[in-house]
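Encoded as structure tokens, here's the structure I'll be asking about.
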Amino acid sequence: MVAFAILIFLFLGSVEGFSSKSQPCTYDKSKICKPALATAAFSTISFLLGAITSVVSGFLGMKIATYANARTTLEARKGVGKAFITAFRSGAVMGFLLAANGLLVLYIAINLFKLYYGDDWSGLFEAITGYGLGGSSMALFGRVGGGIYTKAADVGADLVGKVERNIPEDDPRNPAVIADNVGDNVGDIAGMGSDLFGSYAESSCAALVVASISSFGINHELTPMLYPLIISSVGIIVCLITTLFATDFFEIKAVKEIEPSLKRQLIISTVLMTIGIGIVSWIALPSSFTIFNFGDQKAVKNWQLFLCVAVGLWAGLIIGFVTEYYTSNAYSPVQDVADSCRTGAATNVIFGLALGYKSCIIPIFAIAISIFVSFSFAAMYGIAVAALGMLSTIATGLAIDAYGPISDNAGGIAEMAGMSHRIRERTDALDAAGNTTAAIGKGFAIGSAALVSLALFGAFVSRAAISTVDVLTPKVFIGLLVGAMLPYWFSAMTMKSVGSAALKMVEEVRRQFNTIPGLMEGTTKPDYATCVKISTDASIKEMIPPGALVMLTPLVVGIFFGVETLSGVLAGSLVSGVQ
């Protein structure tokens, strides 16, 4: 954070050679705006605020999850319904924390910055964009570091424990069992939370920046200006009502009611949110206004903006359902993969990969339709609010997502504590639904990130004064090719990191089984700490190269090859990365 804060300050401050004199505005040369140095300082502050908010939310989420998993195990003695409520409520805490923290800090920052900027709203909201960048940069490390950590531990624990030594999963004799359980929290709670928070902060910032140079910002209308924040706040209230449906209005009595109940959460929150957005758009927005669209103003009606948000919201629901169809054991895709295991592991891997590729089809169409609708109605602002619409039910999305690792760990605790296998069956039933809901969360994260990066790409193109990105110029086309390659390079790095960390883990687990006497009999305890250390060290060390690749690419390309090539690289990596 410190390193990037310094970089941001230096890059933005050096625009006018660190002058503290007022300068003409970017979009309207007739007016005088605040100096570049001020923008640099405030952008750095908002970057730090975004990063800190993201880290704190992830930290608190993990703290709650570690409290909740043991409680879930204890509640499982009374039945599956009680255990479900405990796991779900603690997941909800994480969801509301993130949505509320993100909104609160952003709102306070805007009001404090306004004391200095006064009427210069375009400068004010340009400085606020740092907030989104802070959120995403932490998301990168949370996601990558968390992913390396959890998968290294998982592979290491399962390969030696289940395959070689034939002991059950989460058996306390397995040295990697603690690392595996901690990994669920690191990857799925801290990683997922920071990831969704990154998209959430970015889409709010993208919408605010476009609005500040539209009629809202020019005429200084505060309520429509803060429309993105109002959507998010309505989302919090809607999600609050929605969670009651899972815990209070309908009691869960049998195992088969778990997944439908979580699916109901998505539907109820989407339906209520549609009504909420309708009311807000009618009250907060003037009946017609103009939106900045690559240099000129485009006239928009308030119902069109409502449709932009709604189309993003429903696209999110579609993505959630498609993800559920492809990952739940109740439907044919997963059953086909299970069936392919009759001929060994190779066919299983082939079928699994095919399923993953196939699951792209419908979500991509959903994203494409929402982009087309929102862009034709309200240009880049439309896309930014569509992303916000998809993320407006973030509290519910995160609740059903954080529910997964909590119930997973509850099963681990039941196994390690040697509780009766009836309890283990209940926690396994919770966990099976949890795997699916975690995948739904990832679907939301990717769908919203696609919309957000397009909105930010639009903001970049307008700011860099490129009127059209022409694919037929060689500069742009080679950029597209290189950009489309970047996700593969990134994935190669991360997969290799997981592989090498898992290798170390396997060797350590084998070493302990072979050298510690009485380990298999359960008379002595394994050395858990070494395995945790392997995962931790690997995740911190190995996330530097992929992180550097992402952060440095735009700088290197922009400085050496110019903005046209960079616009190609960004577009290429967006298109290929979503797939």
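From the backbone N, Cα and C atoms, a Cβ is placed for every residue, glycine too.
Heads up, TrEMBL stuff is auto-annotated, nobody curated it.
Remember, it's a predicted structure, so these values are computed and weren't measured experimentally.
Here's the feature list from TrEMBL:
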SIGNAL    1-17  signal peptide
TRANSMEM  41-62  transmembrane segment
TRANSMEM  83-110  transmembrane segment
TRANSMEM  225-246  transmembrane segment
TRANSMEM  266-284  transmembrane segment
TRANSMEM  304-327  transmembrane segment
TRANSMEM  348-373  transmembrane segment
TRANSMEM  379-400  transmembrane segment
TRANSMEM  444-466  transmembrane segment
TRANSMEM  472-490  transmembrane segment
TRANSMEM  549-575  transmembrane segment
Please report, as numbers and ranges, the same-chain residues at least 6 past the borders of the transmembrane segment (304-327) whose CB is under 8 Å from any CB of it.
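Result: 227, 231, 263, 266-267, 270, 273-274, 277-278, 281-282, 285, 333-334, 355, 358-359, 362-363, 366-367, 369-370, 373-374, 377-378, 381-383, 385-393, 397, 435-436, 439-440, 442-444, 446-448, 451.
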Using Cβ atoms and a strict cutoff of less than 8 Å, what residues sit near the transmembrane segment (444-466) while being 6 or more residues removed from its termini?
26, 132, 192, 195-196, 198-200, 202-203, 206-207, 209-210, 292, 294-295, 312, 315-316, 319-320, 363, 366-367, 370-371, 379-380, 383-384, 386-387, 390-391, 394, 397, 563-564, 567, 570-571, 574, 578
Count the CB pairs under 8 A between the transmembrane segment (379-400) and each of 83-110, 225-246, 266-284, 348-373, then give me the winner.
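Looking only at 83-110, 225-246, 266-284, 348-373, the most contacts with the transmembrane segment (379-400) come from 225-246.
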Quickly jot the same-chain residues contacting the signal peptide (1-17) by Cβ under 8 Å, restricted to those at least six beyond its ends, or write none.
23, 35-37, 39-41, 43-44, 47-48, 51-52, 130, 133-134, 137-138, 551
